[in-house]
Amino acid sequence: MSLADPTSDTTPFLSDESEAEGLEEPRAGHSQRQEEDEPASGVSSTRALFTVGVLCFINLLNYMDRFTVAGVLPDIEQYFGIDDGNSGLLQTVFICSYMFLAPVFGYLGDRHNRKLIMSVGIAFWSVVTLASSFTPKNCFWLLLLTRGLVGVGEASYSTIAPTIIADLYVKGERTRMLSVFYFAIPVGSGLGYIVGSKVDDVAGDWHWALRVTPVLGLIAVFLLLFVVKEPKRGAIEARPEHTLPRTSWLVDMKALGRNPSFMLSTFGFTAVAFVTGSLALWAPAFLFRASVFTGERAPCSSSVCAGFYFGIITVVSGILGVASGAEVSRRLRVWTPRADPLVCAIGLLLSAPFLYLAIVFAQVSTIATYVFIFLGETFLSMNWAIVADILLYVVVPTRRSTAEAFQIVISHLLGDAGSPYLLGKVSDSLRQKDSYLWQFRSLQLSLLTCSFVAVAGGAFFLATALFIERDRQRAMNYAPSDDEPIVVPNSGRSTRVPVSSVLI
């Protein structure tokens, strides 16, 4: 006998079922037909495709906005008169607010309406981004503040969107949809460089580069509210969420900490974040300084071309990397269940030497540098969709938003939150004199760190392969232990009680 309707989040714990029992029999046939017609997620296949499309569009805007600043960074440095260390703070401040708020939105995303949370966050992000474009010349601190506030809006989206896709698709179809979703990372990043540098060039003012994404962000909010439908959490899985008790946040975190595949893949992804964060901010500036060093450009010329070309490389290499990573992983699964972490490891280990060559060859040939950066970024991008898929199948549905948030915190805290600022400070400390030669040489030496971090990331993914089979099976066959408190509705309010007190 059931104590409460398991599909309702608001039904009192001890409900009176006697009235409903008399109505169940006549409606049985109608209910059965309705269940056969309606997908388990509660979202039709067509609506699901539109939902993924909207989420991809928003993810693209997310990364486009994030790297617009990097595309016009040399102009920002000249406008405010700041050094490399302060320039790196622009990315660091944003990432810090983003990662510290991710657990908050992860907690809310596992318990409340995800579509509403994302809509409010994106609207806030759009308004703050627009406000940052009006920063006056003597107020660099104000630009830092607004970039930090942008992280609030982006945290509300990045922790939740992948879990909606996970509730719409399973297995191979989920991997394909996640691949499409994560195409937005390199494409959006590249468009950030391209659009930012071109708008800066046309308008003659970098402020206008920050006014493009806010308009598109408000369109995204409209699409999110009227096109996206909230799917039932975990209902499409073999064991829908309503058969799994909702545990407390502390229990969730302890469980994630005891999940080797999740933890090791998170550390591997941290290396990816460190490298991509460093390249995202410093690559256009480095390429511009390299062209000045080799005599291809005058020191006073615009840096727009460097950001534009790097943006094109990021878009193309990202598309190839994400697509090839997902396809290679899919084919290798026929031969080994450890395919996902192995592909991630291979991608990082192959990217390391090409990134090293790109940095070293910058003093000889700018074209060779572009070629090696393209190859390095292609192998680096093989990780994006696969890491997200690993998280979704080694973590039970009721903990996925929390796991996404935790992964965001760790990967950014130890990855791209500090790497732009760290490399900027290293560059400043290595610069022996304020000349164009040392501006290039000091940044070149600091960027070599990325190759060694990529090798360390590959090692973490190789270690993940040792545990992936066991942890996947544990997630599929998960059953709460008697000492795990669960959250049950009690007269409309959530109450934590031991599992043993509600099992019959």
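Yeah, the Cβs are placed from backbone N, Cα and C, and that goes for glycine too.
Feature list (source: TrEMBL):
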type     : residues : note
COMPBIAS : 1-13     : compositional bias 'Polar residues'
COMPBIAS : 24-34    : compositional bias 'Basic and acidic residues'
DOMAIN   : 51-474   : domain 'Major facilitator superfamily (MFS) profile'
TRANSMEM : 89-109   : transmembrane segment
TRANSMEM : 116-134  : transmembrane segment
TRANSMEM : 140-165  : transmembrane segment
TRANSMEM : 177-196  : transmembrane segment
TRANSMEM : 208-228  : transmembrane segment
TRANSMEM : 262-288  : transmembrane segment
TRANSMEM : 308-329  : transmembrane segment
TRANSMEM : 341-361  : transmembrane segment
TRANSMEM : 367-393  : transmembrane segment
TRANSMEM : 443-468  : transmembrane segment
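Counting same-chain residues at least six beyond the ends of the transmembrane segment (140-165), those with a Cβ under 8 angstroms from any Cβ of the stretch are 51-52, 55, 58-59, 62, 65-66, 69, 76, 80, 82, 86, 89-90, 93-99, 101-102, 104-106, 109, 114, 117-118, 120-126, 128-129, 131-132, 174, 177-178, 181, 228, 230-231, 233, 388, 391-392, 400-401, 404-405, 408.
Taking every listed stretch (89-109, 177-196, 262-288, 443-468) in turn, the largest tally of C-beta pairs under 8 A with the transmembrane segment (367-393) is reached by 262-288. Stretch with the most C-beta contacts under 8 angstroms to the transmembrane segment (177-196), considering only 116-134, 208-228, 262-288, 341-361: 208-228. A Cβ distance under 8 Å defines the sequence-distant neighbours of the transmembrane segment (116-134), meaning residues of its chain 6+ beyond its ends; these are 58, 65, 105, 108-109, 142-143, 146-147, 149-150, 152-157, 160-161, 207-211, 213-215, 217-218, 220-221, 224-225. If you take every residue in the domain 'Major facilitator superfamily (MFS) profile' (51-474) and average the pLDDT, you get 83.
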